[in-house]
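Reading through the C-alpha cells given below for one structure.
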C-alpha cells in the first residue's frame with residue numbers, strides 16, 4: 001500500500017510517500033516540500049500548492065492521502081492558511097477518487113514513538129530509524145509529512161477517531177483513543193472542525 | 001463588469017452575481033446556495049462545493065470573484081471549514097486567471113448601508129433596494145453573497161486593505177480604512193491570516 005502523507009502549510013507544505021508492505025514493513029519512497037512565497041497573493045499561493053499536490057498525487061497514485069488534522073486554536077497567525085492547504089489536499093485526492101485520512105500530531109507521535117507527547121527530535125529520529133534513512137529528513141515539514149504517512153500505516157487496526165466509545169478496545173487501541181482524547185481536551189472543542 | 005460574490009461555508013455556500021455598469025449602476029444577475037451535507041465525509045463535501053463553484057464561475061465568467069474574508073476567531077466550530085471553502089473559491093478563480101478580492105463583513109456593511117456595524121436586516125433591505133429586487137434574497141447566505149459582490153462594486157476608488165497608511169485618503173477611503181481597522185482590532189491580530 002502506497003501512502004502519501006501531507007504536512008499542510010502555505011509557505012512550506014511537506015509531502016512524504018512511503019510503501020507499507022507485509023508485516024507492517026515500511027519503506028521510504030519520496031519526500032519533498034512544496035513552497036509558496038509570502039509575497040505572492042493568497043489565491044496564487046493556493047494555486048501553486050494545489051498544483052504541487054496534484055503533481056505528487058498523479059505521479060505516485062497513492063492508495064490513501066493522509067493529512068495532518070488542523071485545530072482552530074493552533075498557531076493563530078497561520079492556522080487558516082494551513083486549514084486551506086489541508087482542504088486543497090483533500091480536494092486533490094477526492095477529485096481522483098483516492099480516500100483521505102486525518103491524523104493529529106499526537107496520533108503521529110504515539111504511532112511513531114509510543115508517546116503522544118514525544119519531543120520533535122525524538123519523532124525525527126524514529127522516522128529516520130523506521131524508514132532506514134541515513135539522516136533525519138529535512139526540513140521539519142518533510143519529516144512531519146513522512147511521520148503522517150507512517151502514522152497511517154502503523155495505526156492500530158480499528159483505530160478509532162475521537163468521540164467513539166472505548167469499550168472492548170485492545171490496549172493499543174485504547175492508548176490511541178486516549179491520545180485522540182488528550183489532543184481534544186488540550187485544544188477545546190475544535191476536534192470536529194474539519 | 002461582472003462580479004461573482006461568495007459567502008463561504010461548508011454546509012451552505014452563497015453565490016451571488018451582479019453586473020456593475022456605468023455610474024455604478026448595479027443589476028442582479030444570479031443568486032444560489034451550494035450545499036453539502038454534514039453527514040458526508042469532509043473531502044467529499046469540499047469536492048461538492050468546489051464543483052459547484054467551478055460550475056458558477058464557468059457559467060458566468062466573472063471579471064472578479066469577491067470572497068468574504070475569514071477570521072481565525074470567528075465562530076470557532078465552523079471557521080476552518082469556512083476558511084477551506086474560501087480557499088476553494090480562490091483556487092477555482094485562480095485556475096481560470098480570474099482575479100479575487102477579499103472583503104470583511106464590516107466592509108460589506110459599510111459599502112451597502114454606510115455603517116460598518118449595521119444590523120443584518122438593514123443589510124438585507126439595502127441589498128434588495130440596490131438590486132431592485134421585490135423581496136430580500138433568501139436564505140441569508142444568498143443575501144451575503146450578493147452583498148459581497150455589491151461591496152466590491154461600491155468600494156471607494158483606491159480602497160485600501162488593512163495595514164496600509166491612511167495619509168492623503170479621501171473621506172470615503174478613510175471611512176473604509178477605519179472599518180477595516182475596526183474589524184482588525186475587534187478580532188485580534190488575525191487580519192492577515194488569509
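Cβ coordinates are placed from backbone N, Cα and C, and glycine is handled just like the others.
Where the annotation comes from TrEMBL, it is an automatic prediction and has not been curated.
Less than 8 angstroms from the CB of residue A:7 (active site) sit A:13, A:14, A:15, A:16, A:68, A:141, A:142, A:144, A:145, A:147, A:148, each of them six or more residues away in the same chain. According to TrEMBL, the active site annotation covers A:7 (among others).
In this structure, residue A:141 (Mg(2+) 1 binding site) is part of a helix by DSSP. TrEMBL lists A:7, A:141 with the feature Mg(2+) 1 binding site.
Packing around residue A:68 (active site) is summarised by its Cβ count: 26 other Cβ atoms lie within 10 angstroms of its Cβ, all protein chains included. Mapped onto three states, the DSSP output places residue A:68 (active site) in strand. Annotation source TrEMBL lists active site at A:68 (among others).
The feature active site is assigned by TrEMBL to A:141 (among others). Residue environment of residue A:141 (Mg(2+) 1 binding site) contains 24 other Cβ atoms, counted within 10 Å of its Cβ in all protein chains.
What TrEMBL records for A:172-181 is compositional bias 'Polar residues'.
Annotated compositional bias 'Basic residues' per TrEMBL: A:184-194, in sequence order.
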